[in-house]
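A.B. asks: From TrEMBL, for reference:
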- 43-294: domain 'G-protein coupled receptors family 1 profile' (DOMAIN)
- 27-50: transmembrane segment (TRANSMEM)
- 62-84: transmembrane segment (TRANSMEM)
- 104-122: transmembrane segment (TRANSMEM)
- 143-165: transmembrane segment (TRANSMEM)
- 199-223: transmembrane segment (TRANSMEM)
- 244-267: transmembrane segment (TRANSMEM)
- 273-293: transmembrane segment (TRANSMEM)
Amino acid sequence: MLILNGTPFQPATLQLTGIPGMQAGQAWVALVFCILYLISIIGNLTILALVIKEPALHQPMYYFLSVLSLNDLGVSFSTLPTVLATFCFNYRHVGFDACLVQMFFIHTFSFMESGILLAMSFDRFVAICDPLRYATVLTNNRILAMGLCILAKSFTTLFPFPFLVKRLPFCKGNVLHHSYCLHPDLMKVACGDIHVNNIYGLFVVIFTYGIDSTFILLSYVLILRAVLAIASQEQQLKALNTCMSHICAVLAFYVPIIAVSMIHRFWKSAPPVVHVMMSNVYLFVPPMLNPIIYSVKTREIHRGILKVFYKSQS
């Protein structure tokens with residue numbers, strides 16, 4: 001273990017990297033990332049503005065959607081400074097403490113998204129399985145309490161991470177494998193005992209993704225059972241159609257997570273570009289897809305966008 005002035009050695013700055021093998025086409029990569037950011041930011045801001053402005057959208061389902069959009073903006077803005085600096089300005093250095101702050105926010109917003117999707121599945125469960133009590137169960141105060149609980153859970157579980165990383169010495173270099181800071185990436189250049197970090201990281205993943213995904217699956221099992229009990233096939237399809245946007249959002253979030261886990265577990269010899277691209281898909285695709293999914297699949301959101309568009313034309 002390297003010691004400097006009685007404290008574990010930590011570099012003043014860390015070096016970020018782009019996408020391996022694509023140095024020649026960096027301008028095109030920068031353009032792709034800028035488009036992804038524009039779609040994500042404009043799309044989620046549009047959803048937020050519609051929910052605030054349109055009285056018809058002042059319902060629990062759309063309140064949860066606005067929270068999801070706000071969280072997706074948090075994910076986008078957490079990665080934006082270093083990604084644009086890396087690909088647009090070829091500036092690849094980030095301060096060690098700034099890297100820890102970015103790591104905390106990226107992971108916090110990612111874990112919050114899982115909790116928000118769980119809350120949205122509960123909304124669909126109540127709407128389909130107990131529609132007569134929908135308005136009394138999902139009151140504004142309960143929605144606010146659920147949102148604060150999701151925030152508190154993510155903040156408290158992720159808060160120890162910067163301090164767990166800060167205590168480690170870094171003697172395997174200062175080059176990271178992404179254009180942003182992630183906890184697993186920092187562990188690859190740490191040379192101290194990282195068992196505590198790995199064990200706590202596994203606990204957090206199980207406590208959030210594991211529990212949330214289990215309850216989301218359980219809610220849809222109960223929803224499917226309730227739908228199959230409906231006599232009319234037309235009413236069955238109508239009930240399931242109200243869940244399609246949420247199902248697509250869940251798949252957009254969890255499929256990349258499962259793919260990343262499978263690659264790390266069963267394809268350890270995969271080229272570095274595969275790991276980097278899958279991490280980019282995990283962080284950039286859900287914030288971009290969610291507003292598109294809800295704009296296309298949710299009639300009220302679609303109508304609201306068309307209403308604003310026609311107003312601007314007139």
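In case you wondered, yes, glycine gets a Cβ from its N, Cα and C as well.
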A.B. asks: Near the transmembrane segment (143-165), which same-chain residues lie under 8 Å Cβ to Cβ, leaving out any that are not at least 6 residues past its ends?
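C.D. replies: Sequence-remote neighbours of the transmembrane segment (143-165) are 60, 63-64, 67, 100-101, 103-104, 107-109, 111-112, 115-116, 119, 183, 186, 190, 196-197, 200-201, 204, 207-208.
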A.B. asks: Can the transmembrane segment (62-84) be said to touch the transmembrane segment (199-223) if we require at least 3 CB pairs below 8 Å and skip pairs under 6 apart in sequence?
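C.D. replies: Per Cβ check, the transmembrane segment (62-84) does not touch the transmembrane segment (199-223).
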